[in-house]
Amino acid sequence: MKILENVSLKEYNTFGIDKKAHFFIQAKEIQDIREAITWSRTQKLPLFVLGGGSNVLFTHDLEAVVLKVNIQGISISRESGEHVWLKAGAGVVWQDLVDHAIKKGWSGIENLSWIPGTVGASPMQNIGAYGVEIREVFDHLTAVNRETLQTETFDNEACCFGYRESIFKNHLKDKYIISYVVLKLNKQHHFNTSYGDVQKTLEELGYAPDIQSISEAVIRIRQKKLPDPKAIGNAGSFFKNPTLSQETFDRLKRRFPDIPGYTTANGVKIPAAWLIDQAGWKGKRFGQAGVHHRQPLVLVNFGAAEGKDILDLSKMIQEDISQKFGIHLEREVNVI
Ligand SMILES: Cc1cc2nc3c(=O)[nH]c(=O)nc-3n(C[C@H](O)[C@H](O)[C@H](O)COP(=O)(O)OP(=O)(O)OC[C@H]3O[C@@H](n4cnc5c(N)ncnc54)[C@H](O)[C@@H]3O)c2cc1C
């Protein structure tokens, strides 16, 4: 286990924020995770777990041991006539797993194409896009208990998945380090093309829906809509889409007849992007931080922003939306 000191995290977060880790360790196997936990204890320093850094905003140097989980490997852990249980190391790049599944002809995660980050972080916030969430194909994960150093298994129910939520962001926050994830993918396909522009894009491309074409359509839409973190620092959607009671939504609809809303099991979901756009934030720039000109849900670093600049901007937006619409926008990005 190699321990590096005073490491810049600029290359390790998609916002491109230049903060330092006091110590930096890469874990290539479970034993490295255990050793890093033990070592951080001897240093009396907190341990911060990092995947691809695409859902974090660093606001200060980390007086901590930063552990980048880099466990690799994709393998079949079980197979039946209808399903395949695909196991991947936490450090596998999410898109590599998607590509693997597509190549093999297994469906279930094609709508989640082009989401940055690692497999290990994917259950953390129950990643979702284009009408699909990982919980729909999630079978179980293994994780190291940071207290006992034992490996434990969490099945789908134990993860308590919700919209951009899991138990690891709530009751078990900072208690486990995910090492492997197993997804139950389908050999018999049921496609979901009903969300957003997927169907329309397939038609434009002249493709019939299959795993490959859906993935291509999703990537095409995402590349059109979302800024590439390599070109301009960002962490995707900064806020979650708020869910309101039907009554609150009806009241807002009387004031703002154009407000879109989608009925879900928990209430009416409003696109946060619409609220931010209506409030006039789209394309606004404050020094090195700003709101993206095409996708107002995405806050961007024009190059030299500090994490605090982005955080301050997010707070201004939250306050404004609260005043204008009476809605609290919850952050999706993990502010560190
Ligand atoms: C351009 C862009 C588009 C995006 N689009 C989407 C989208 O469509 N849908 C969506 O859901 N998300 C989206 N995201 C957010 C992000 O890609 C996902 O949340 C992704 O799963 C984060 O993975 P990561 O490896 O980068 O995690 P990181 O940012 O490194 O970490 C995120 C959190 O998980 C913890 N963590 C990471 N790895 C582990 C582990 N092995 N064990 C325990 N804890 C861990 C970290 O401590 C941190 O709290 C987007 C981001 C970008 C930049």
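Just so it is clear, glycine is given a Cβ too, placed from its N, Cα and C backbone atoms.
Whatever TrEMBL says is automated annotation, not expert-curated.
Taken straight from TrEMBL:
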- ARG164: active site (ACT_SITE)
- SER237: active site, proton donor (ACT_SITE)
- GLU332: active site (ACT_SITE)
- 16-188: domain 'FAD-binding PCMH-type' (DOMAIN)
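Calculated from their C-alpha atoms, the gap between GLU332 (active site) and SER237 (active site, proton donor) amounts to 7 Å. Between the CA atoms of ARG164 (active site) and the residue listed as 'active site, proton donor' there is a gap of 11 Å. Non-local neighbourhood of the residue listed as 'active site, proton donor': ALA272, LEU297, VAL298, GLU332, each in the same chain, at least six residues away, with C-beta under 8 Å from its C-beta. The predicted model assigns the domain 'FAD-binding PCMH-type' (16-188) a mean pLDDT of 97. Around GLU332 (active site), taking its Cβ as the centre, 18 other Cβ atoms fall within 10 Å, counting all chains. Counting Cβ atoms from all protein chains shown, ARG164 (active site) has 19 others lying within 10 Å of its own Cβ.
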